[in-house]
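Novice: Before I ask anything, let me first share the structure, which is written out below as structure tokens.
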Amino acid sequence: MFIQRTFLKVLTLLSIVTVLVHGQTQPKDKITLKAVIYDQHKFYNPNFQPKNEGEFVLTKGIVKSDIDQEKRIPVLNSMDANDSINKKARISWPDGFKYFFVDNQAGDSKSAKSGKNLPIQRDIELNWNGEAYEYSNSNYFPINGQGFNDVSYPVPRGYVPISGESWTSMSTSTSLKGNNYNFCLKLNSKFTYNGNEVFKFTGDDDVWVYINNKLVVDIGGIHSQVSASVDVTKLGLTVGTIYNFDFFYCERKTSESNIKIQTTIETYCAYVDYCGVCEGDGSTCCNPATTCNDGKRCTNDFCPDPKSPLAGKDISKYCDHIPVKTCSSKDTLCKQYTCSDDLKGDMCVIKNTVTCPGNQTNCEASGYCDDKFGCINPSKCTDYIGQCFSGKCVNGECAKVTADDCEKIIGGVCRSDYVCEPGLGCKSSERCRQGSDICDLVTCDPKATDESKRCITTVLTDEECRCCEYDTLRFCEQAACSNKTGLCQPIPKNVDDGNLCTIDACNEDEKTITHVQVTCGGCETCSYATGKCEPDSSLCNDNNICTIDICVHEGILDGLPQGNCSNTPVDCGANDEDKCKTWSCDPTKGGCQSTPVVCEDKGKCLVGTCQPSTGQCEYSDRVCDNGGAFCVIGQCDQRLGCLVFDRVCSSDNSRCEEGVCVNGTESEEGHCKSVKYDPLPFNCNTGAVVSTAVIAGSTVAGAVALGIFLYGGKKGYDYWKDSRNISMGSSNSNPLYEEQQTGRGVNPMYDDPAAN
């Protein structure tokens, strides 16, 4: 009886102390897995509730050993329905596997094999059983009466049940009718590795567990209850490091649904999405096609960032509506397109068409628009070349060729009287002309440095001068004497106009002197310097800064030298050593333009950058900013990009100590430390029996004193007060016990009636 009374007193004392020190750190009694369940139906996904043909057995190797990090879901090893593993696992529709763990509530509700599913958020609580956190349920039907199992769900017309089944009941057993057997469960979470974790699962059907993105539990297929476990300490993980923990479970066939989870892994959520799902993508309660549909085809509708604090709010008010870029991709230099929300017409319609009327200030003629080069406007002035216009534009007018221009073009020290004659071009006459006295022979000295001595007059002798006096000269002749005979020997009249591009001739019959311009074909003109047809690129000017305009000699056509215009694109950036620029030419923006090469990121966590020396894209891990705080983790997730969440520290002894994060200061770096739970759990005490120190540590003296006073009376209180400075580290330092010579401990607060 004494032992019973003493035990009851101690238990009661422990209870009071626990209440009085409420709020001090305690080891977790339970952990909550915030999962999402995807309700399935065989009408939409024939991988569920397959026919009772052949064996239903455990099947390994259905999924790949690496998780899809962008979606955080398993991936089938084979997409072949005839693959031996798929057949054994009853995966008759491999394409439907992608809907096991991904939202497809927008799937066609009227069509078979649409993959439609209904996501439902569910929590699973694992309680501490003294050795591990555990959840066990041999009748696991978490969504009975919900989803497709809801009697109000509209049954598709195409659904034909087999004997004994109905839309909401797949079991033919009376006792099991109404249970929702077809569903899949997904949990994406994290944990900080302590160095001693284990995980064990028992149940049916498919179960896959990934740790650090690697498959560690593989009990796939439709089968009866089986078990599998993993010793996390054998996975090569680093203590104190954060890893992904991903759990996938499917119930695909009647008539059992068993689940038992035992683990020492303390999972947590880096974030909870606005649907309440641990590290979810928001799809449980937000569908871009329905929740965010603004009814406009010219916008792409997106759900908000799943990390947004929108729980309990109208999510549709926070959707993103991004204008589509489909139409702008059709733009050219001549046409710009825009998107039309008018469902009756084309989606992309022309917003603007470029016209090319020509700029009068630049003497441009009306032109046309080229999709590659933009406006092509020929110069009006090129039409008048050869008609005493220079081909240049000055103040909006085509400039005429002046005498000074002609002097520059065909000038020489022995020519003068420059003039431009339409149809012929520049002309000139001899500077030193013959006078009326034929006996005075006038010549020009091109080497003379004194202009007054440029023209030289030589007086002929009477014989030389008058030898042709009595001869009759023809129109196209001029007098001249033979040096050999001294007799009259007329020579052709000099009709040279000084222009090599004219054919000078004297017509005796018509008594005329003509100067016919040399004819050239295409874009060739006669060169004043050579008198030959040569390519003239000025005739090819299209007034477009983005083309190189040149005339190319093509040969002889119809007896004439022929040139053709070539307007090739400007080679922008040809000498630019920076290969991370893309060059283009836009006449509306002043010509050559450069834009940086964009290296698209690979997924959400690899950042692309261009290397200027090679122009090649290189990729590096995305750095997520944690603000420099040690106790904040910045980590990239392939699905969602950067996540920022509190660091969860490991401890040296997870059942007796808590990992506490300490941010860095100027004098101390941030670090994790282990702090003993207060009160310390019973099994963490090193003594043989529970002590007062174990009950409440060194911070609850007042609470202990009150408890001892209540249950030990004044004698007990006085005894405690006298000994309160004694360190209590074991059972025999507990003031509730007193060491006797017999070696037995007695309670000094117990009044033995026999002693009174």
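Cβ atoms here come from the backbone N, Cα and C positions, even for glycine.
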Novice: Kindly point out the range from 163-189, 595-621, 730-756 that Swiss-Prot annotates with region 'Disordered'.
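Specialist: That would be 730-756, the stretch labelled region 'Disordered' in Swiss-Prot.
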Novice: Here are some residues: N663, N725. Which is flagged as N-linked glycosylation site in Swiss-Prot?
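Specialist: Annotated as N-linked glycosylation site in Swiss-Prot: N663.
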Novice: Do you know offhand how many angstrom separate N663 (N-linked glycosylation site) and N82 (N-linked glycosylation site) by C-alpha?
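Specialist: About 56 Å separates the two Cα atoms.
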Novice: State the Cα to Cα distance, in Å, between N564 (N-linked glycosylation site) and N359 (N-linked glycosylation site), rounded to an integer.
Specialist: 25
Novice: N82, N564, N663: which of these glycosylation sites has the sparsest Cβ neighbourhood within 10 Å?
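Specialist: Checked N82, N564, N663; of these glycosylation sites, fewest Cβ neighbours within 10 Å: N82.
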Novice: Quick check for the class: what is the C-alpha distance, in angstrom and rounded, between N82 (N-linked glycosylation site) and N359 (N-linked glycosylation site)?
Specialist: 71
Novice: Using a Cβ-Cβ cut-off under 8 angstroms and a sequence gap of six or more, which residues of the chain neighbour N359 (N-linked glycosylation site)?
Specialist: N377, N543
